[in-house]
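Here is the structure we will look at.
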Amino acid sequence: MASVSIPACTTALLLDIEGTTTPITFDILFPYIRDHLEDHLSAHWEEDECKQDVHLLKKQMEEDMRQNRACPVHTVDQTVHTDEEKAIREVVENVMWQMAADRKSTALKQLQGHMWRAAYTSGRIKGEIYPDVVPSIKMWRERGLKVYIYSSGSVEAQKLLFGHSVEGDVLDLFDGHFDTTIGAKVDSKSYERIAERIDSQPEEITFLTDVSRANRPHGESLCQTVLTRGFVVAEAKAAEEAGLNVLLVVRPGNMELTDEESAHYNLITSFSQLQLTGRA
Ligand SMILES: CSCCC(=O)C(=O)COP(=O)(O)O
Ligand SMILES: [Mg+2]
């Protein structure tokens with residue numbers, strides 16, 4: 001395995017989760033949402049947290065409609081009798097649609113985090129982490145580097161995943177967490193804000209991520225992707241624009257890179273390939 005050097009001025013590593021520290025298939029977490037969504041909404045509909053989640057989802061739907069983004073047309077099924085059942089069906093429909101399109105809206109991610117909480121704390125699910133991740137982070141920290149997470153998953157969901165991982169509670173490996181409340185991962189301003197928040201210059205940060213452009217669900221045209229997501233620029237490009245050093249992480253199941261991207265970015269298949277040149 002070839003090693004890849006990071007600039008000697010690097011003081012911090014910023015890590016994506018899905019496709020970078022954790023398998024992209026997420027074959028436990030996302031199916032859990034699909035299987036339990038309706039029951040979760042029915043059980044917690046009158047509680048403040050659930051009301052806030054639904055409020056945020058409704059604001060997102062309104063924004064999507066204002067932006068002329070494709071969204072589900074409500075086709076409430078005939079078995080639905082009460083206003084509450086109808087409202088729940090509409091939320092379910094919208095959430096399923098957002099998940100099918102792999103939307104990264106703060107509203108969706110907040111609801112998912114709240115739903116996963118009970119499953120993690122009861123031990124029903126555990127956060128997946130690739131085996132090279134924990135030893136590498138420990139080594140980077142021993143060499144004086146700070147390590148942060150920046151994921152579309154909410155900070156609460158991030159902490160649940162690393163706090164209840166297959167390797168136990170590894171939360172103390174991280175110096176901080178960022179999610180889309182600081183800005184979208186495809187917006188270069190988000191990376192500038194993170195640099196400011198961690199008191200670093202952008203060029204002192206190395207960002208490890210899997211996504212170089214918008215994920216396009218299988219069979220969807222580029223035009224559909226632009227309509228449903230409202231962007232085609234990706235997080236690697238946005239981070240680069242902000243002045244960060246970017247490494248693309250190639251893991252099983254990640255989106256295939258174009259020849260141009262493979263030539264442009266430094267690629268790693270394991271964190272253990274990172275070489276900390278010029279550091280004590
Ligand atoms: C934090 S666990 C859930 C991850 C998630 O919901 C997600 O969308 C991952 O996106 P990422 O930015 O880590 O690729
Ligand atoms: Mg990712």
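Every residue gets a Cβ built from N, Cα and C, even glycine.
Automated prediction, rather than curation, is the source of TrEMBL annotations.
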Looking at TrEMBL, which one out of Asp210, Asp259 binds Mg(2+) in the same site as Asp16, Glu18?
Asp210
TrEMBL records Ser151, Ser152 as substrate-binding residues. Which of Lys126, Lys185, Lys189 is assigned to the same site?
Lys185
Around the substrate site formed by Ser151, Ser152, Lys185, which additional residues qualify by having Cβ within 8 Å of the site's Cβ center?
Asp16, Ile17, Glu18, Lys104, Tyr150, Gly153, Asp179, Thr180, Glu235
Integer Å distance between the CA atoms belonging to Asp210 (Mg(2+) binding site) and Ser151 (substrate binding site):
11
When you measure from the Cβ of Ser152 (substrate binding site), which residues in the chain that are at least 6 apart have a Cβ under 8 Å away?
Glu18, Lys104, Lys109, Asp179, Thr180, Lys185
Please list, in sequence order, every residue of the chain apart from Asp16, Glu18, Asp210 whose Cβ lies within 8 Å of the Cβ centroid of the Mg(2+) site.
Ile17, Gly19, Thr20, Thr21, Thr22, Ile24, Ser151, Thr209, Val211, Val249, Asn254
What is the Cβ neighbour count of Glu18 (Mg(2+) binding site) at a 10 Å cut-off, with all protein chains included?
25
